[in-house]
Amino acid sequence: MPWIQLRLNTTGQLAESLGDALMENGAVSVTFQDSHDNPVFEPLPGETRLWGDTDVIGLYDAETDMKAVISQLEQVPELGERFIHKIEQLEDKDWEREWMDNFHPMRFGNRLWICPSWRDVPDPDAVNVMLDPGLAFGTGTHPTTSLCLQWLDSLNLEGKTVIDFGCGSGILAIAALKLGATHAIGIDIDPQAIQASRDNAERNGVLEHLTLYLAKNTPTDLESDVVIANILAGPLRELAPVIGALPKPGGLLGLSGILTNQAESVIQAYTDKFVIDPVAEREEWCRISGVKIATN
């Protein structure tokens, strides 16, 4: 069925309350877009934080009376009577079928393949991760996920513990386990992400080696040999003290979700604790990695 999309631009401080207002006025879903860091907003592990210039996007049934919705929203104190908005008609497509048709097995590095659970694996002898993430979570098709998977493939993970900070579908944690890690920890704010990660881990036979935490329930004393966080440049900078504390001394850190022109500002947030490797780039995106400095 077709849909109507309503887009509002606001500050990070007001975005959550405006999202609630859209839901109260008929939206079937609300998403957030950080206008500067990434075209797709992913909530931070730990809490829902939004940054400076944020778009709030409501999705409505095509039969919705949008004039009535706008009239109701004009009564919201944070918006006022002449708030700036954009209404768009979305094409009627079978989005799930189109997504499934376009998701093919993909190779990352020398050993690793990410394969849709409904397709045959190209190389049975490779390290194959069978994935059925649903529409909401990562599949490996985005350059940032690809950069992270290639990095994991390049590491010797035998006997290691890996933390996937913002696990989504669980793709990175599961890949780490299939590549030899002994234990992986996935953290996410979204219960659906935790369930998707659990389902995918079970599908790949690694569930007993994966521990999953809703961010609010994450232990404060976690540490591991390898930490990977594929989120956004803004939260990577903001959460540097938290993320930087997770690797053990001598442990490895991988960060992505970063545009190439944002790399330097992210690096500056981590140079006090890490020796940073050369930046890896793909298209307009990049990955930052480094080794945690051992303290005396």
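Every residue number used here counts from 1 along the chain in the order it is shown.
Just so you know, glycine gets a Cβ as well, placed from its N, Cα and C.
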Practice prompt. Name the one residue among N110, N217, N230 that Swiss-Prot lists for the same S-adenosyl-L-methionine site as T145, G166, D188.
Written response: N230
Item to complete: Using only the Cα atoms of T145, G166, D188, N230, which the record gives as binding S-adenosyl-L-methionine, return the largest interatomic distance in Å, rounded to a whole number.
Response: 16
